[in-house]
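These features come from TrEMBL:
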BINDING   Asn65, Asn66  mRNA binding site
BINDING   Lys69, Gly87, Asp109, Asp138, Gln160, Tyr165  S-adenosyl-L-methionine binding site
DOMAIN    56-322  domain 'MRNA cap 0 methyltransferase'
REGION    1-34  region 'Disordered'
SITE      Lys90  site 'mRNA cap binding'
SITE      Lys96  site 'mRNA cap binding'
SITE      Arg121  site 'mRNA cap binding'
SITE      His164  site 'mRNA cap binding'
SITE      Glu248  site 'mRNA cap binding'
SITE      Tyr314  site 'mRNA cap binding'
Amino acid sequence: MDGRKRNRGSYETGPNGRQAQHRHSRQDNNRPAGSHLIAKHYNERPEVGVEKRKESKIIRLRSFNNWVKSVMIQRYVRQRDTVLDMGCGKGGDLNKMAKARIGHLIGADVAHVSLEQMQERYQGLRHKTFTAEFHALDCFVDHLTPRLLSDRPIDVVSMQFSLHYAFESETKVRCMLDNISSRLRRGGHFIGTTPDAYWIAKRLKTHRVTRFGNSVYSIDFGDDFDYRFRKFGCKYMFHLEDAVDCPEFLVHWPTFTQLASEYGLKLQFKQNFHELFASASQEKDFNYLLRRIGVIGGDAPEMSADEWEAARVYVAFAFVKE
């Protein structure tokens, strides 16, 4: 192959930089309206660079979220694993995967611009010890398996901060679960992070409000919200400082775990970010990482109370394929 992307579809890159064009291409015209909106938001988000990100008002929160993802990846990903990063975005977890010494990475995202930036980041890795393939598609609508470039089983599926978009409908959730389970080996794991619907609903009902937040984040269900927390399509607007404003959907956990079981996935672990911090920070390696990436200690100010509250919005989870 000559390495040129003849259309925005799927391609594979190895440590030597060569790309293998896949036969399937992305078909935007068939994408549902909600997916178009999400893709548009993320495609239009500018790449600000590392130095600019350091100036962010929520730099400590961003570092903390990265620490949580590192904890989950280090706990569940093993050397030489094949990992599917579903909703991979611009490749924020590439270095984490490299540190885990994975064997092969499959990146899939609805936003083709973000995916191209991820591919560029992959090419820029100092130590490319794993191969990678990239697929521009909606994992909640399109079937991924026919597009994969090899028949190797997947050891871990990682979905960071994107699961909630699937809960627009049961159809999307089922498509997502099929994509996760179809190639995930028995004993393999599906890990991720997502907003905690139970905590959000409790805040709304306790205070009888339709919106809440602080100086760095806000959650808004709209003035006409009737406090009926539907299993699917329970939409709200989420704003996080320096991030994309997009409609999101509550993840109804009893429904999600029941549907996941139909695809051979059993919930193994679930903690909100505060709980995860309390437990994982007691482990030597994870405590060291907290300090190394600047979440605690050092000359920079500590995470603000508003950032710490924003961190409570999220949960981390792990399912195992039975």
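Even glycines carry a Cβ here, placed using N, Cα and C.
Closest to Lys69 (S-adenosyl-L-methionine binding site) by Cα-Cα distance, out of the recorded sites Lys90, Arg121, His164, Glu248, Tyr314, is Tyr314. Here the candidates are the recorded positions Asn65, Asn66, Lys90, Gln160, His164, and by Cα distance the one nearest Glu248 (site 'mRNA cap binding') turns out to be His164. Following the DSSP three-state reduction, the secondary structure of Tyr314 (site 'mRNA cap binding') is strand. Once the Cα atoms of Lys69, Gly87, Asp109, Asp138, Gln160, Tyr165, the listed binders of S-adenosyl-L-methionine, are compared pairwise, the greatest separation found is 22 Å. By the criterion of other Cβ atoms within 10 Å of the residue's own Cβ, the least surrounded of the recorded positions Lys69, Lys90, Lys96, Arg121, His164 is Arg121.
Ranking the recorded positions Tyr165, Tyr314 by the number of CB atoms within 10 A of their own CB puts Tyr165 at the top. In this model, the domain 'MRNA cap 0 methyltransferase' (56-322) carries an average pLDDT of 95. In sequence order, Gly92, Ile293 are the residues of the chain that are 6 or more apart from Asn66 (mRNA binding site) and have a CB within less than 8 Å of its CB.
Cα-Cα distance from Lys96 (site 'mRNA cap binding') to Asp138 (S-adenosyl-L-methionine binding site): 24 Å (rounded to the nearest whole number). Reported as a whole number, the C-alpha separation between Lys90 (site 'mRNA cap binding') and Asp109 (S-adenosyl-L-methionine binding site) equals 9 Å. Counting neighbouring Cβ atoms within 10 Å of each of the binding-site residues (Asn65, Gln160), the lowest count belongs to Asn65. Across the structure, Arg121 (site 'mRNA cap binding') and Tyr165 (S-adenosyl-L-methionine binding site) are spaced 25 Å apart at their Cα atoms. Cα-Cα distance from Tyr165 (S-adenosyl-L-methionine binding site) to Tyr314 (site 'mRNA cap binding'): 14 Å (rounded to the nearest whole number). Here Asp138 (S-adenosyl-L-methionine binding site) is positioned 24 angstrom away from Asn65 (mRNA binding site), judged by their C-alpha atoms. Counting only same-chain residues at least 6 apart in sequence, those with a Cβ under 8 Å from the Cβ of Gly87 (S-adenosyl-L-methionine binding site) are Ala108, Asp109, Val110, Cys139, Met159, Gln160, Phe161, Ser162, Leu163, Tyr165.
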